[in-house]
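S.K.: Before I ask anything, here is the structure I am working with.
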Amino acid sequence: MCCGSTRPPVSGPGSSRPSPPSPTATRCAGTVTMLLLIIIFAIVHSGMASLRANGEKIIGERAYRVMFAGISLPLAVSTVVYFINHRYDGIQLWQVQGISGIHELVWLSSFISFFFLYPSTFNLLEVAAVDKPKFHMWETGIMRITRHPQMVGQVIWCLAHTLWIGNSVAVAASIGLIGHHLFGAWNGDRRLASLYGETFQVLKKRTSVVPFAAIVDGRQKLPKDYYKEFVRLPYLAITALTLGAYFSHPLMQASSYQLPW
């Protein structure tokens, strides 16, 4: 294991001052820190989501939404910044960046992932916790493919970036993020079933968690003009934002490097 316990060597006979940590120990520390940051975020985010009903009764819906965002967003930002700053600090497990076609595969996979990762609402005021979030019984667009598009998008993004980076920090980040989203999919279904009962069960029967499963087994019927469901402003905005994010990578990295985390 990369993180086995080792006693740091001293600088000389009888010396009490230890030598600087070895490169392997430093890489292990980055890997463990990455995983712990995601675990902390996952516990807070999923925990507050599960406590939403009770919390809103105590302090009100808007106050709880603002508190949820105020706690979750700083944790998310700090985790993302740490990943950007330390993504190449881990132990290298494989190296495929020089193989022809890998960059294109990773780029295309990341591009596709953002069509799944977008919040399951076209009302940005709901995302920003300004308007009250509503339960949208959608079975169109990306929801025909999977009932949990954010989970699927996160899995695609993680696999693509882990393939590209190929080290223990990327693996730790992917394990944490995928685990969090798998739990979120299960917990989300559980909460919706409790809140909406038979109405949600009908939706659940006609959709699937595994991409395309409901379409393949006939539970989800595609209309002849289903492609029109994707010709909407939000999807065009996602395309523009995804391309912008790709070309802004150097700027995002430079900004992240200003924070010594």
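Cβ coordinates come from backbone N, Cα and C, glycine included.
Note: TrEMBL annotation is automatic and uncurated.
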S.K.: Can you dig out which of the ranges 153-172, 233-252 TrEMBL describes as transmembrane segment?
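M.R.: Going through 153-172, 233-252 one by one, TrEMBL flags 233-252 as transmembrane segment.
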S.K.: Give residue numbers and ranges for long-range contacts of the transmembrane segment (29-51): same chain, 6 or more residues beyond its ends, CB-CB under 8 A.
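M.R.: Sequence-remote neighbours of the transmembrane segment (29-51) are 2-3, 21, 67-68, 71-72, 75-76, 78-79, 82-83, 86, 89-91, 168-169, 171-173, 175-177, 179-180, 183-184, 187, 191.
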S.K.: Check the domain 'NnrU' (34-252) for me and report the mean pLDDT.
M.R.: 88
